[in-house]
Amino acid sequence: MTAPATSRPVPAARARRLPGWATSMLVVLVGLVVLSITATLTGQLQLTSAGTAQAAVQLLLPILFAGLGGLWAERAGVINLGLEGMMILGTWGAAWAGYQWGPWAALAAGAVFGALGGLLHAVATVTFGVNHIVSGVAITLLGAGVTKYLSTLLFLPVSANPRQSPPLRGFDSFSITPLTDVLDALVRANLVFVTDVAGILQGLLTGLTPTVLLGALAVPVTYLLLWRTAFGLRLRSCGENPVAAESLGVSVYMYKYIAVIVSGGLAGLGGAALVLNPGQLGYLEGQTGGRGYIGLAAMIFGNWRPGGLLAGSALFGYVDALQLRAGGDAVHALLYAGTILAVLVAVLWFAQRYWLAAVWALVAGLVVYLVYFFVDTIPSQFAAFAPQIVTLLVLAVASQRLRPPAADGLEYRRGEGD
Amino acid sequence: MSRLQTTLLPPLLAVLFAALLCSIALLISGDNPGAALAVMVTQLGAGTTAVDVINTGAVYYIAGLAVAVGFKMKLFNIGVEGQFRIAACVAAIVGGLLPLPPVLHVIVILLTGMLVGMLWALVPALLRAYRGVSEVISTIMLNAVATGVIAWLISPAAFGFVQGNNISTPPIAPTGHFPGIDLGPSGTIFGMVFVAALLGVGYWFLLGRTRFGFELTASGESPTAATAGGVEARRMVLIAMLMSGAVAGLIGLPEVLGREHAYTLVAPQGYGFTGIAIALLGRNHPAGIAVGALLWAFLDKSALALDNIGVPREIVLIMQGVIVLSVVVAYEIVRRYAMAAEQRRVAAELRAQQQPVAEGAAT
């Protein structure tokens, strides 16, 4: 069985004019400017408030961990649709260890439980060659079942509720005080743009927990491990061309196993991050709510790269935080930001002489603006799935430019290369 | 091994393996697996359980067929879940708002369901056919979108109908009820059970006995070969996905038309994922899917009976999960074994043919 042929676009031949880090900085800067303009013109100050940024960090963490999990597996050529199930296992494991031995044990147990799910996925897909998507769906079903069973068995006597863990202790949060005080003063100074940037930065530096730091570390560590070491090169070669890797003496099975187990562990950490969220401590049945899938979407949004993945999960976390804190009106204001962004993109494409694409961007901007103009607020039910809509749009528009690992999702058997 | 063995052995092994694993889990948690098994079997004679199994089985059967249509073309329609929920919701709204004469009313509701399911599947179908977007991701995203749209559709601001603490779609008038077979104290068999059976026959005929079915399966097995044979792969992707969506649109309707007569906020979810499991269990064969659907429904109903004797009902979920995972592994092992046996047989035959030739050359 082979997985459905995903798009295999030709990599863009255009030479890069700016190094990667500069482009990312530029994108972040443009994003901040657009948000700042929107916040000023629409009066939706929550768009750039410290509270929103802080909530966004907590909400992006599970998505980020899940996405990194997806990245590890897919870079080794295994599609991991079981991320959701491994995350569920992680939430349960974290809560179970957490209420007994504290938050650090919760993190460790979350990772271990997730890794067990990953091991199962590796056995099914690598050793037995089961279709990756089928195995992923099965593991998600199994993960939900196992946690429900274990909750009834172990949580029910303590918490008197089979769907909930007993209360557990979270991490003490801390802030980088001297800096946040300066930023606070800047926010109060009420200067255009400066206030907005300071607000967001203040949010990012307040209410930090070890989980947040772990997430912030996981991205560069993943990048260094996968792109700057021999280990990473071998692992990625298993995802690009396993037969060639095998001919060079790489033990493809072993690397795939490592990748998928790490993938499960990261997804489990995502579950632990959910359980240790200071706003809502503890295990609650169904609390993952499809975040494993969103992590996968963030990874695709980020073109199978750690930096892009971070941007994707930040986007999802931000929209989520905004609609939770400020509701439909603030998300409505995002449409305005979308219009500005579309116009900017159109100008950029005109300058590069992509005439057709630029016209389409303008049309899209116009449509978004019309929606903004004629609708007063976005119903909360719609605002809740804004991330999914964004993912669909990105896939529809940019799927030709995305480049998944060449052997992603394909079955590989030792010694059967041609 | 004969073809029958390679088909029947894996699911049997998977069920046995799952039973074994669950027995161990029960023993560890201090329950008696024997008693659990006994109560699972005897429950069928009690109350409405047998009829419930058939009714739920019909729902699962439709779900399995919806998924299997996509699987036949190697399309992973994970979105059956979203398609069926939004279709059931919109069909219930249309049924509740339109006053229509008896038979026509039901037909309109059924067609609405199929149409909405199809439309919800159209997005991933177009994205896959024209933009090369994997249908797995796009349908997962659309499942979440469907949840939001349904929440809005049922809200009082849109079509919600508030009755006490419950919000649902406007209730469907009796003209839009699908009559069932009343078996007295044993319950009522949904009329939709027969629609499900008809769907199964239609599936068997269309995919197994027509040129279209052959082209569909062929383009799933090898798109390049099918294209060489004059089948347009893109068109096949669209058709398979839309058919899957249309069938998915019917999944929620046995309950809407036969029992609830409205779509509520707490309407059951997860049938789409169950359908994936059942299609895998039944290997996309209409009869296999039927067995899988009934087994699944039977296990579902066992949860209640197990609860009554103090065994955690969630053991059923573990059993179902283990069955899916081990059945796919078992199919794979048997396939490899059969293939190796085939290779040995062919090699032996070739040797037998070559020997006289080699001897002839020597003389």
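Glycine is treated like the rest: Cβ placed from N, Cα and C.
TrEMBL lists transmembrane segment at one of the ranges B:14-38, B:139-163, namely B:139-163. Against the transmembrane segment (B:83-100), the recorded stretches B:106-127, B:183-206, B:237-257 differ in Cβ pairs under 8 Å, and the greatest number is found for B:106-127. Three or more CB pairs closer than 8 A are found between the transmembrane segment (B:183-206) and the transmembrane segment (B:54-71), so contact between the two stretches is assigned (pairs 6 or more residues apart). With Cβ pairs under 8 Å as the measure, the transmembrane segment (B:54-71) is packed most heavily against B:237-257, out of B:106-127, B:139-163, B:237-257, B:315-334.
Between the transmembrane segment (B:106-127) and the transmembrane segment (B:315-334) there are fewer than 3 Cβ pairs closer than 8 Å, counting only pairs 6 or more residues apart in sequence, which means the two stretches are not in contact. Cβ atoms under 8 Å from those of the transmembrane segment (B:315-334) belong to residues 1, 6, 9-11, 13-15, 17-19, 21-22, 25-26, 36, 277, 280-281, 283, 296, 299-300, 302-303, 306 of the same chain, restricted to positions at least 6 beyond its ends.
Among residues of the same chain six or more beyond the transmembrane segment (B:139-163), those with a C-beta under 8 A of the stretch's C-beta atoms are 76-79, 81-83, 85-86, 89-90, 93, 96-97, 120-121, 123-124, 169-171, 262-265, 272.
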